[in-house]
Each structure stands twice: as structure tokens, then as C-alpha cells.
Amino acid sequence: MTAKIFSLDEVSKHKTKSDLWVVIHNKVYDITRFVVEHPGGEEVLVDEGGKDATEAFEDIGHSDEAREMLEEYLIGSLDEASRTKEYNVNVIRAGELPEEKKGSSLRIILPALAIIGALVYKYVIVPKAHQ
């Protein structure tokens, strides 16, 4: 089966609850059947209907399961003239959280300042007091 190609103008005609298409990563999805099932409510989908919803989709941070479910609604892709640049998406999946930094520069700066302060006290302030 050859994938259908749609213009953004064609997609924009499908923006109602009873006829809802969205574009995500330059792929066109007919999510009409999913509107009532969407855990975030139908309003958020209708708001993004008929346009490129890539940014909104990625900002929410959908699960792998949601991404897999999306594929069953795929009906084609966006034509070259309508395409947007691909977003650089860094998806954080469960169990793959980025490593937390082990410390900060304060761990070096504060002890260094304490040592400098002690040396100034011992070699500058104390000798002046004994003069």
C-alpha cells in the first residue's frame, strides 16, 4: 500500500471532534476515533486539530505506549512543501533518567575560600595584632 501524501491545507480542513486530523513529525494521523478516549480530554486534541501538533505532543512527554498507539491512526504523510523541520526530541523514558550531576563548583570554591581565609587570618591578621 502506497502512503498517501497530504498538504497542510488539506489537513486544516479536518479540525472538528467528528473529523480530526493532526500532523506529528510530518506524519498525518486521523485521530477522530481516539478523541473520546484521550486521557487528557478531547478539548486539547480539538485545539490542535487540523495543524502541526508536533510541539504540543512532545511538550506533554507522551509514553512509549502512547507513541505506539498513535501509529494505528496513521493515514499518510505531509507533502514536501508543507513539511516543517524535524524537532530534536530528547525523550526520557522510564528507567533512563539522565544522570544527576554529582556536585557543583561550590564543592571546590567553598573549601578553597575557607583555606584562603584561614591563611589570611594566620599570616596577615594575627601578626598585625602582635605588633
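Quick reminder: no glycine exception, Cβ is built from N, Cα and C everywhere.
Taken from Swiss-Prot, the feature domain 'Cytochrome b5 heme-binding' covers 3-79. The heme binding site feature in Swiss-Prot is assigned to H38, H62. Annotated transmembrane segment per Swiss-Prot: 108-125, in sequence order.
Within 10 Å of the C-beta of H38 (heme binding site) there are 14 other C-beta atoms, taking all protein chains into account. The number of other Cβ atoms within 10 Å of the Cβ belonging to H62 (heme binding site), over all protein chains shown, comes to 15.
Here the domain 'Cytochrome b5 heme-binding' (3-79) has a mean pLDDT of 92 out of 100.
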